[in-house]
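Engineer: As listed in TrEMBL for this protein:
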type	residues	note
ACT_SITE	D120	active site
ACT_SITE	D137	active site
TRANSMEM	37-61	transmembrane segment
TRANSMEM	68-85	transmembrane segment
TRANSMEM	132-153	transmembrane segment
Amino acid sequence: MKKKIIIFFAISLFLFLVDQAIKYQIIAIANPQDLDGFTMILDMPVISIALVFNTGVAFSFLSELGEWLKYIQIVFIIIIFGILITQKQLFKEHYIPFAIMLGGGVSNVLDRFLHGGVVDYIYWHYGFDFPIFNFADVIIDCGIAIFIWQVIFSKKIKQK
């Protein structure tokens, strides 16, 4: 169990640091004059790099909560972490996807404190305009997908 805890924090910290390093570089390159605007950094045919500070969550949902959103997200992370601490079997079986989600989630929450919103920069616009997102969003989604996969796969094994 101790090894899994170390791996959990190592994965979370690594992904957190990678995401923050990318965001630092994006902001340094863009040198935004204001935090409310859209700054195109690299315009390409399918995926572009454009800096936006998102004050909401996915698709700017809940942006009307303003400053409260970062505190709500901290409470949510603490609750999830508390569940993992008390549900040892859940942690044992799913520590990797939860580590991935934690790294991305904490990074996005830190953005809210440092920049007033999440630093988003990946702009997919091939065929349709998809909301701008970041590496942390991708790893959070990957963590969720891995968790769902593990739950489905483990149920199929238990049924046999």
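Placed from the backbone N, Cα and C atoms, the Cβ positions cover glycine too.
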Engineer: Six or more residues beyond either end and a Cβ under 8 Å away: which residues meet both conditions relative to the transmembrane segment (68-85)?
Structural biologist: 55-57, 62, 91, 95, 98, 101-102, 105-106, 108-109, 112-113
Engineer: Around the C-beta of D137 (active site), how many further C-beta atoms are within 10 angstroms, looking at every protein chain?
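Structural biologist: The answer is 22 other Cβ atoms.
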Engineer: Any idea what DSSP makes of D137 (active site), helix, strand or coil?
Structural biologist: helix
Engineer: So for D120 (active site), how many other CB atoms are inside 10 Å of its CB?
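Structural biologist: Its Cβ has 23 other Cβ atoms within 10 Å.
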Engineer: Between D137 (active site) and D120 (active site), find the distance joining the two CA atoms and give it rounded to the nearest Å.
Structural biologist: 9
